[in-house]
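Participant: Structure incoming, see below.
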Amino acid sequence: MDTNNNGGCCSSDTEVNTGQFIQMIGLDKNSPAPEIQETTSDLTFNDRFDHFLARWGFRRSEHIVQPGIYKLGTPDADSPVFVSANYTLSFDALRSSLAGIDCYILVIDTKGINVWCAAGKGTFGTDEIVYRIKWSGLSKIVNHRKLILPQLGAPGVSAHEISKRSGFKVEYGPVRASDLPEYLKTHTATPEMRKVKFTFKDRLVLTPIEFVHVVKPTIIAAILLYMLSGPLAALIAVIAAVAGTVLFPVLLPFLPAHDLSIKGIILGWLVTIPFGIVLAADPSIVLWEKILTLMAMFLLIPAVTGFLALNFTGCTTYTSRTGVKKEIFKYVPYIALKAGTGIICLIVLGASRLMEII
């Protein structure tokens, strides 16, 4: 079930027994079971506004749902039980897809992180699920022993361990929560339901948070570059930030190459070319100034977009931990070299202007 709203991380191999896990998260082993809370499949204005704020990274740690057991509709002891992260977008994506379905939702504590990332970090994992099953008294609420988990949570879960330690069998639902009503008819996912997609809409909704993360560094860099080498240098910072955080997610499948870092570098070259042509054709700029500025642009912009593209691996649903590590070790030195050389070009350009050489 796509209740994660994207985010890619790497799974954790750390195993913690239930007793250690209870102590680790600071909850009393003998604490009473929580009351069953009610929820609905309807999303209010406040829910949607919360989603908007989350997408823009506003108070990121506050978009959480209280862990516990929730009932949707009028479930009985034979109603299905779904498991969700306690990130509001994940929980809301699940419940809004279950209109007209009487069921329970077991919300586990993923520290306000979506399913995919939480599975990679270990918070959407075996120990937490086992603990919440026992803590909520789920075995006394339902007669069956079956949990329906989001498919993207599988990297952090050991189904046989959950069954062994809690008696509940794990069933993985479809990738997208919107397919749940159809899935529940047979409890069998079609190949299409199992397919992980990363559509234009999926990528587009990630651009605000990506952009927000670089606003402050971009402003600082633009000011410093303006003071160092003038408005064209400041423009380099802005172009690189917009290309890496807005254009890259949108154009991702259309850019050549497999590695995201190379895709980002190629995008950097593409967005630099039009500005380079305009600069080269400007008769008011002397030759050496053109050369230094063009070198700085073709070095810095691809370096920044390449780095931001590498950072975007954490937002996709198809990058792996080993793949990300490989890209880091393979391309970060190259990106750093390009960026360093570009900065040297700007320093030389700025010094030349101060000395009135150009």
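Each position is counted from 1, following the chain as shown.
A Cβ is built for glycine as well, from the same backbone N, Cα and C atoms used for every other residue.
These came from TrEMBL, pasted as-is:
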| type | residues | note |
| --- | --- | --- |
| DOMAIN | 65-181 | domain 'CO dehydrogenase/acetyl-CoA synthase delta subunit TIM barrel' |
| TRANSMEM | 204-226 | transmembrane segment |
| TRANSMEM | 232-252 | transmembrane segment |
| TRANSMEM | 264-285 | transmembrane segment |
| TRANSMEM | 291-310 | transmembrane segment |
| TRANSMEM | 331-352 | transmembrane segment |
Participant: Of the listed stretches 204-226, 232-252, 291-310, 331-352, which one has the most C-beta pairs under 8 A with the transmembrane segment (264-285)?
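Facilitator: When the Cβ pairs under 8 Å are tallied, 291-310 comes out ahead.
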Participant: DSSP helix, strand and coil counts for the domain 'CO dehydrogenase/acetyl-CoA synthase delta subunit TIM barrel' (65-181)?
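Facilitator: Looking at the domain 'CO dehydrogenase/acetyl-CoA synthase delta subunit TIM barrel' (65-181) with DSSP, the answer is 50 helix, 23 strand, 44 coil.
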